[in-house]
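Here is what Swiss-Prot says about this protein:
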{"type": "SIGNAL", "residues": "1-20", "note": "signal peptide"}
{"type": "REGION", "residues": "25-62", "note": "region 'Disordered'"}
{"type": "DISULFID", "residues": "C74-C91", "note": "disulfide bond"}
{"type": "DISULFID", "residues": "C100-C133", "note": "disulfide bond"}
{"type": "DISULFID", "residues": "C109-C145", "note": "disulfide bond"}
{"type": "REGION", "residues": "160-189", "note": "region 'Disordered'"}
{"type": "COMPBIAS", "residues": "170-182", "note": "compositional bias 'Basic and acidic residues'"}
{"type": "CARBOHYD", "residues": "S175", "note": "O-linked glycosylation site"}
{"type": "REGION", "residues": "210-251", "note": "region 'Sufficient for interaction with FGF2 and FGF2-induced effects'"}
{"type": "DISULFID", "residues": "C214-C251", "note": "disulfide bond"}
{"type": "DISULFID", "residues": "C231-C239", "note": "disulfide bond"}
Amino acid sequence: MRLHSLILLSFLLLATQAFSEKVRKRAKNAPHSTAEEGVEGSAPSLGKAQNKQRSRTSKSLTHGKFVTKDQATCRWAVTEEEQGISLKVQCTQADQEFSCVFAGDPTDCLKHDKDQIYWKQVARTLRKQKNICRNAKSVLKTRVCRKRFPESNLKLVNPNARGNTKPRKEKAEVSAREHNKVQEAVSTEPNRVKEDITLNPAATQTMAIRDPECLEDPDVLNQRKTALEFCGESWSSICTFFLNMLQATSC
């Protein structure tokens with residue numbers, strides 16, 4: 001009876017020890033599994049965050065301002081098309097406004113996480129341009145894409161002699177106004193002189209000194225000198241006439 005009790009007790013001890021080992025192993029494995037589950041669950045969220053950040057960066061890099069080597073102040077912005085993109089440039093230079101469009105397809109290049117480098121190199125190429133929008137052979141090339149992806153080069157698609165050129169409205173209106181005023185002044189001045197001469201026939205008689213003795217008359221000489229000083233050669237005869245009317249002389 002005593003032997004039977006000892007055997008039963010030993011079996012109970014072995015079972016207890018085995019159970020405790022299982023519990024200990026589960027406790028060790030539990031943190032690893034929860035950590036792995038946490039990593040697996042957070043992986044999609046991290047991917048979404050990276051994609052959002054990348055899209056924001058791309059949008060901020062696809063527009064901007066620049067000044068070319070020949071001092072044209074410009075803005076540029078990118079628009080997505082069905083196939084590729086279009087890059088519109090709007091510039092102001094020497095009181096003229098003009099614009100043009102470059103087009104290409106950098107989609108395959110941008111798939112390799114090169115969008116930041118690509119757009120920075122595009123902006124640098126724009127700043128190096130001369131006669132922008134005027135050269136039909138203009139191509140915006142980038143080092144990062146041009147060898148493996150030649151379709152990523154942006155070519156000028158609407159070249160003109162000066163792009164879509166428009167004069168600035170304010171300055172054009174002012175210059176036209178000034179031109180009209182000058183033309184009116186030039187056209188009316190000769191008519192005024194003719195009217196003065198035709199309305200006053202005595203002027204021609206007075207200006208043509210009939211008596212040679214009048215040439216030596218001090219009053220006449222003084223009038224001619226005063227007219228030359230204040231009116232100049234072109235208007236001296238008319239001024240002499242008015243002085244002769246105001247100052248009665250023997251001639």
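The count begins at 1 with the first shown residue.
Cβ atoms here come from the backbone N, Cα and C positions, even for glycine.
Features as recorded by Swiss-Prot, highlighted on the structure.
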{"residue": "C74", "record": "disulfide bond", "contacts (Cβ under 8 Å, 6+ apart)": "K65, F66, V67, T68, V89, Q90, C91, T92, L126, I132"}
{"residue": "C109", "record": "disulfide bond", "contacts (Cβ under 8 Å, 6+ apart)": "Y118, V144, C145, R148, F149, S152"}
{"residue": "C231", "record": "disulfide bond", "contacts (Cβ under 8 Å, 6+ apart)": "I238, C239"}
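One residue stands out among the disulfide-bonded residues C91, C100, C133, C145 for having the most other Cβ atoms within 10 Å of its Cβ: C133. Mean pLDDT across the region 'Sufficient for interaction with FGF2 and FGF2-induced effects' (210-251) comes to 69 in this model.
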